[in-house]
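Pulled from TrEMBL, these are the features on record:
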type     : residues : note
DOMAIN   : 18-471   : domain 'K+ potassium transporter integral membrane'
TRANSMEM : 54-75    : transmembrane segment
TRANSMEM : 110-134  : transmembrane segment
TRANSMEM : 146-165  : transmembrane segment
TRANSMEM : 177-199  : transmembrane segment
TRANSMEM : 219-241  : transmembrane segment
TRANSMEM : 253-275  : transmembrane segment
TRANSMEM : 295-324  : transmembrane segment
TRANSMEM : 345-365  : transmembrane segment
TRANSMEM : 371-393  : transmembrane segment
TRANSMEM : 405-425  : transmembrane segment
TRANSMEM : 431-451  : transmembrane segment
DOMAIN   : 482-630  : domain 'K+ potassium transporter C-terminal'
Amino acid sequence: MSSSMNHNAANPKVAAAALAALGIVFGDIGTSPLYAFRECFASEDSAPLSPDNLIGAASLIVWSLLLVVTAKYLFIILRLDNRGEGGILALSALIRSAARRLGGTDPRPVLIFGLVGAALIYADGMLTPAISVLSAVEGLTVNAPGLQECVVPIAVGILIGVFAIQKHGTGKVGKFLGPIVLLWFAVLAILGIKTLFIHPQVLLALSPMQGVYFLFREWQHAMPLLAAVFLAVTGGEALYADLGHFGAKPIRVAWFSVVLPALALNYLGQAALLTADPTAISNPFILMAPEILQLPLTLLATAAAVIASQALISGAFSLTTQAVQLGCLPRVRIMYTSDESAGQVYVPAVNRLLAFACVLLVISFKTSTALAGAYGIAIALTMTITSLLFYSATRAVWAWSKAKAVGLTALFLVLDVAFLVANSVKIIHGGWLPLIIAGAILSLMLTWLWGRRLLYERMRRDSLPVDALLQDLANGKIHRVSGTAIYMTGGGDVVPNALLHNLKHNQVIHERVILLHVQTLDQPTACLDERISREELGEGFFRLSLRFGFAETPDVPTALKELLPKAIRYQPGRTTFFLGRETYGIRKDAGTLDRLRLLFFAAMARNASPATAYFQLPPGRVVELGAHLTL
């Protein structure tokens, strides 16, 4: 390890953050030894279990960790942060923001890529807890085959327990996750070192040529082999997604000092064990341990699998929060489980959906080997999309030349496409499932964006210009009453529908009226100088824009209290918030597809969380005015 790395590791703050990152960032990739190496030789299409093939498989896994996780993600992708935040939605938002500043091409395709990646991550979030917990519990059957019938009920019970505690938040137990996962990686390394003494010649796997020779020698088995090897690197995307929680330096320190050595040693150890005893292919990870330690190892593996599941569940909550803030999903109920960290959120609807999906997957597939057929293709496609977005980012954000951007992106895509093609073979063996799940989620997001655009265009077309209303006020045609009214608006220079309905039914307007537009930026947080902008329109009218980042909580009353100038005389106790509450009808000439999409949009809008809760408005100071719109 380099002296700079040692210096970083010696820094107490970096070391503490690296330890915490072990428990959150590396749970997924850290539990891959439970099933990844076994799957290289588990199917009927697998290559024969020979010493040369075992060395070749270990070489492919080790070099995949070095090329995909280390070179691509640790050294390159982690540098593309959106004000410290990572993940595919944050990356697409960064590119769109940079493209708009440069006045370049329409960034909408980048948004679509980001949405596809987000949908695939949701699908992966359903599969990973199921396969991790199921493969860990299967260790019980190594010395007690009679427990085979109990594996599914135990796995289901553990998963239900994991999802049941989500509402309490992870803050209280988070500090314990790092040490447990550190113990897990220490055990991985110790088991690998112990088993390496049986057949030290497997160290030949450190040469990449062993993997290349294996692929050429067993070319007819190359596709299922690469699909199995990919299981060892599926956690790579999580490193980027969790960038905002810890920063790049602690993640790199944890990877090079703990995770990479432990994983490499364990995979090499499994190759050595199978060289000596090919019958251990049933569960090479558990069988690396002495018989007396196999039950404790199974319990530790189960704990590690639960932690890996926790990381993905929390990631799904954060992804949902970002998607809602960016307007890609309808408002949902979001609960903040920590007073100190805004990033610790709980989304009940997503929790219920994930719990139902994970339990259903375990009951349906029954074994981790069967579930492995469905696992991998979603994350392989996500990694490919990340590489394509990387090209756009190097051009728009880093201002690279086209030749330089194409060259590095092409290197990434060689590996990504190889793994994607290999995993596409799984489609008929269960890989269709995550694609259907991702497709359904993507359809919902695209339908929501489409419906919102139709709604905005309809309201803008039918609305009254603000200048016309101000002219009527100046002519004394409208009666005024004391107090302040805040009308939520979608922006622009038109009168909100809620104001028109209030004027129609009550025949009055408050003496001070604020037209408030809450805007979500393509960045995780908003700077203080860009948080608010205001414009005085005359006749007691003000136009305000409040800006929040996609990782922030849109607390409107607090922002107004802290940022509004005294000249506007904002008094929370004497201010009423007026909101529109629309219901939707479908025009008679709508086509079948549009009619179906409008039905879905209306259903999502009807079940969305109320704006009162989402913007944290005081319920006693809110008036909702309904309207029926035909789209």
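Just so it is clear, glycine is given a Cβ too, placed from its N, Cα and C backbone atoms.
Here the domain 'K+ potassium transporter C-terminal' (482-630) is broken down by DSSP into helix, strand and coil counts: 50 helix, 56 strand, 43 coil. Here the transmembrane segment (219-241) does not touch the transmembrane segment (431-451). Their Cβ atoms form fewer than 3 pairs under 8 Å, with each pair 6 or more residues apart. When pLDDT is averaged over the domain 'K+ potassium transporter C-terminal' (482-630), the result is 86. The stretch with the most CB contacts under 8 Å to the transmembrane segment (295-324), chosen from 110-134, 177-199, 345-365, 405-425, is 110-134. Sequence-distant residue pairs (6 or more apart) of the transmembrane segment (54-75) and the transmembrane segment (177-199) include fewer than 3 whose Cβ atoms are under 8 Å, leaving the two stretches without contact. Touching of the transmembrane segment (146-165) and the transmembrane segment (345-365) is concluded from the presence of at least three CB pairs under 8 A, sequence neighbours closer than 6 excluded.
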